Amino acid sequence: MHLCFIFTFLLQSGDALLPLVINTWGFKSASETAWSALKAGGSVLDAVEKGCSRCEAEQCDGSVGFGGSPDEKGETTLDAMIMNGNTMEVGAVGDLRRIKNAIGVARAVMERTDHTLLVGESASQFAENMGFIAEDLTTNQSVNIYTEWLKDSCQPNYRKNVSPDPSKYCGPYKPGSQLKKRRRLIDIHAHDTIGMIVIGQNGQIAAGTSTNGAKHKLPGRVGDSPVAGAGSYCDSTGGGAAGTGDGDIMMRFLPSYLAVELMRTGTEPSIACKTAISRIKIHYPEFFGALICANTTGHYGAACNRVPGFSTFPFVVYNSQTNTPLLQSVDCF
Ligand SMILES: *[C@@H]1O[C@H](CO)[C@@H](O)[C@H](O)[C@H]1NC(C)=O
Ligand SMILES: *[C@@H]1O[C@H](CO)[C@@H](O)[C@H](O)[C@H]1NC(C)=O
């Protein structure tokens, strides 16, 4: 009777399930690596960095790491961030060139400088100075993607209101009026980002992201992933969130920040995720995007916007209950 009462009490009070590793998409090896880092005595930051680095090395879905998503010039460039939910420090890189381990560089920005975000060629120089190896991020696959795109009149692309009509030519473009309806990118996996939240046994939260950005992006384009509050966010007193999808749209709404603030005031993780996605839907009903959320007790949820060809969003959870990287999914709404 007494034991039974205690058991019921624990369940009802939302018994903490820590540590927790949760990440976007079916990237199981990333969660496995993050979990191993924790078990080996690493910090939550180590877990996020190692988990996302694993995806960079494995080129998860071709949309994380080298050799994927070439830009309009055929170059692969990387965006990444990492955040410490105890100190609220952030390190991030955007449009990083020639360095494979983007989240490692992001962590160096956080721990070896007073800055938050470094971009482009200068970020690469910083990385080299910090001992990261510069190498070509081009692969046969990225060359093929780029060559096919050139052959197809540089379609689809992200230009609008320019002449000549971007549905016919590769440019150079000038401001002008568009004659034909341009072809939009419909490949949903052109936007996959690894976003990861790790909560330690002691409640410390870290979050991070890594991606090679949107396929055929304009050179210089930086998406939501390295922007704190957009790509991911965490606060050890509120929770953590991370997103994936059409970053050009998502970064206008800081969905990760919104979700963490909602969880801080007691909103359940799945509702917090849903509310943040709903906010974007008001303005962009057809945007493609998803969010994962976890609160301080290790409860988690996810939400995604339903668009043609995309009705469920996969994510991976690793805690002492799953005891393995468990693939889960949420129905988009
Ligand atoms: C986290 O969310 C769960 C529901 O999913 C809730 O039971 C629990 O109280 C929440 N924790 C906090 C600290 O808000
Ligand atoms: C890449 O392409 C080159 C030349 O087309 C070829 O020699 C090389 O073996 C290819 N590499 C891989 C890893 O397929």
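Glycine too: its Cβ is placed from the backbone N, Cα and C atoms.
What TrEMBL says about this protein:
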type     : residues                                       : note
ACT_SITE : T193                                           : active site, nucleophile
BINDING  : R221, V222, G223, D224, T244, G245, D246, G247 : substrate binding site
SIGNAL   : 1-16                                           : signal peptide
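The record assigns R221, V222, G223, D224, T244, G245, D246, G247 to the substrate binding site, and the maximum Cα to Cα distance across that set is 16 Å.
Counting only the Cα atoms, the space from T244 (substrate binding site) to T193 (active site, nucleophile) is about 5 angstrom.
When the Cα atoms are compared, G223 (substrate binding site) and T193 (active site, nucleophile) turn out to be 10 Å apart. The binding-site residues listed here are D224, D246; among them, D224 has the most other Cβ atoms within 10 Å of its own Cβ. Residues near V222 (substrate binding site) in space but far in sequence (CB under 8 A, at least 6 apart, same chain), listed by position: D79, G94, D95, V119, G213.
Annotated pair D224 (substrate binding site) and T193 (active site, nucleophile), C-alpha to C-alpha distance, rounded: 10 Å.
For R221 (substrate binding site), the same-chain residues lying six or more positions away in sequence with a CB closer than 8 A to its CB are D71, D95, Y158, G213, A214, D248. Here the CA atom of G245 (substrate binding site) lies 7 Å from the CA atom of T193 (active site, nucleophile). D246 (substrate binding site) falls within neither a helix nor a strand when secondary structure is assigned with DSSP, and so counts as coil. All protein chains shown were included, and the count of other CB atoms within 10 Å of the CB of the residue listed as 'active site, nucleophile' stands at 31. Neighbour count (other Cβ atoms within 10 Å of the Cβ, all protein chains): 29 for T244 (substrate binding site).
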